[in-house]
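Asks: Once you've had a glance at the structure underneath, I'll fire off some questions.
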Ligand code: GDP
Ligand code: ZN
């Protein structure tokens, strides 16, 4: 377990700037003395007191609500004191300074980013996946993301991970009990239908992984790169999808030289759309730098839109571009400017499944494009309400699944190696514990909590 600091920590918990109220929050093993120094009237835990907040000379800095929570019944699991004053930067700074002064010899100091939640985790008020959800809820940029972060925070994800973990442990205990009685090894697997149990666990793990993948798309968003020849309408399409003028659109070929990224949401899924320099043969050094950057962006994309002019699509250069696109990345071929085609030619000869005619200018086909972007990226949340997941969660689920596959292999062999079977179950369980933080290195914890904001 992480070394636990006994310091009292303090921070302004509300966002910088002006607001109706602002909150200064303190947490520590015992805040009794601090509370007695700050207030002359007794403060009853879990009651709201309206009181003046005085400086050391008894002069009011502000007046507001005092809330006092005795540990372990608090956010951090320690004693927590909240001063809710007026939400101005100067008054909150003075309140903070007053508490620092009053608690000087009690070891009070500024909290590090995420330190309140870190303590809540160490005191088992929430697990690691839930702690991460706290940050995600604060960071949520769409209602879907906020709803999903809240689902994770309430344990929708952790509960499933724990249930699977318990089933794995149960199976392993059966195996290990058998290991002590070697003569029983042979029929153990049949007797307890161990392979069926394993199979059921593997299936549930698989569907959990699928959900986690959705949760990750929702959290991280998709990197969509607009690639194509100059003047096919990449910048116009970005603008049309974004709904305002972010990229420079000009009729001169080769004007988008630096990348422009716009974040949009489709059905609550964040998409980071990257407009790039047009791809063509060029002797111009500046332009060729832009083209090199475009290829670098293409390498990083989750989805590529290969945009072409509907009037001249799949010409020699487009064929060359197609051949150079990375095979691992889904490509959506989109033919733009269909408004310039006669009515009866607007349904583009679809040479493969993923081709689509649009007009960035009139908006024709854009709804289909939005839907296809989500489809091709694998967005398919199903009926279950999604929760947010991170890359590290997905990795752990995949590793767990690999261990279970190995366990099954051991069980299927003629000489059924039960101790190896049990060992793989143990490793699979350990991977699941990484998600909820039962086995986690200090480094990882540091990394996770340092990305939080101050005061949370
Ligand atoms: P980019 O170089 O690929 O980024 O292309 P731009 O977005 O700068 O557009 C090049 C030219 O094509 C501009 O004059 C646009 O107004 C025009 N354009 C873009 N999309 C359409 C479209 O769907 N229909 C028509 N008629 N013109 C378009
Ligand atoms: Zn452009």
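Cβ coordinates are placed from backbone N, Cα and C, and glycine is handled just like the others.
These came from TrEMBL, pasted as-is:
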type	residues	note
BINDING	25, 82, 125, 456	(6S)-5-formyl-5,6,7,8-tetrahydrofolate binding site
DOMAIN	221-378	domain 'TrmE-type G'
BINDING	231-236, 250-256, 275-278	GTP binding site
BINDING	231, 250, 252, 255	K(+) binding site
BINDING	235, 256	Mg(2+) binding site
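I would like each feature placed in context: is it buried or exposed, what are its neighbours, and how far apart are things?
Replies: Residue 456 ((6S)-5-formyl-5,6,7,8-tetrahydrofolate binding site) falls outside any helix or strand according to DSSP and counts as coil.
Secondary structure at residue 235 (Mg(2+) binding site), taken from DSSP and collapsed to helix, strand or coil, is helix.
Within 10 Å of the Cβ of residue 235 (Mg(2+) binding site) there are 23 other Cβ atoms, across all protein chains.
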Asks: Tell me, if you would, which residue among 25, 125, 234, 456 (binding-site residues) has the fewest other CB atoms within 10 Å in the structure shown?
Replies: 125
Asks: Give me the sequence-ordered set of same-chain residues, not including 25, 82, 125, 456, with a C-beta within 8 angstroms of the centroid of the (6S)-5-formyl-5,6,7,8-tetrahydrofolate site's C-beta atoms.
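Replies: Result: 13, 27, 74, 75, 76, 80, 116, 117, 120, 455.
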Asks: Based on Cα distances to residue 234 (GTP binding site), point out the closest of the binding-site residues 25, 125, 456.
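Replies: Result: the closest of the binding-site residues to residue 234 (GTP binding site) is 456.
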Asks: Quick check: in three-state DSSP terms, what is residue 82 ((6S)-5-formyl-5,6,7,8-tetrahydrofolate binding site)?
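Replies: DSSP assigns residue 82 ((6S)-5-formyl-5,6,7,8-tetrahydrofolate binding site) to strand.
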Asks: Just checking: which of the binding-site residues 25, 82, 125, 231, 277, 456 have a C-beta under 6 Å from ligand 2?
Replies: none
Asks: Over the domain 'TrmE-type G' (221-378), what is the model's average pLDDT?
Replies: 83
Asks: If you run the three-state DSSP split on residue 125 ((6S)-5-formyl-5,6,7,8-tetrahydrofolate binding site), which class comes out?
Replies: coil
Asks: For residue 277 (GTP binding site), just give me the three-state DSSP call.
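Replies: Residue 277 (GTP binding site) sits in coil per DSSP, no helix or strand.
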